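Here is the structure we will look at, set down as structure tokens.
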Amino acid sequence: MTCPICTKDTDPKFRPFCSKRCANIDLSKWLSGSYAIPTNEPDLGDEDEIVLSERLN
Ligand SMILES: [Zn+2]
């Protein structure tokens, strides 16, 4: 598996990305794209599940 941002090898800590930097780049794309719901919830667990299920589509 390779990083979808820069195509380097994936780091297990940041998969599917190679680094936190690439994860943030992907997140920025998401926030500026179709997924623009404010993240004011203090419990990030549910937010992460929503994002992951959206990505699978
Ligand atoms: Zn990368």
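Even glycines carry a Cβ here, placed using N, Cα and C.
TrEMBL: automatically predicted annotations, no manual curation.
According to DSSP, C18 (Zn(2+) binding site) sits in a coil region rather than a helix or strand. C18 (Zn(2+) binding site): 21 other CB atoms within 10 A of its CB, across all protein chains. According to TrEMBL, the feature Zn(2+) binding site maps to C3, C6, C18, C22.
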Note the Cβ centroid of C3, C6, C18, C22, the recorded Zn(2+) site, then list each other residue of that chain whose Cβ lies within 8 Å of it, in sequence.
T2, P4, I5, T7, K8, T10, F17, S19, R21
Just to verify: the residue among C3, C6, C22 with the fewest other Cβ atoms within 10 Å, which of the binding-site residues is it?
C6
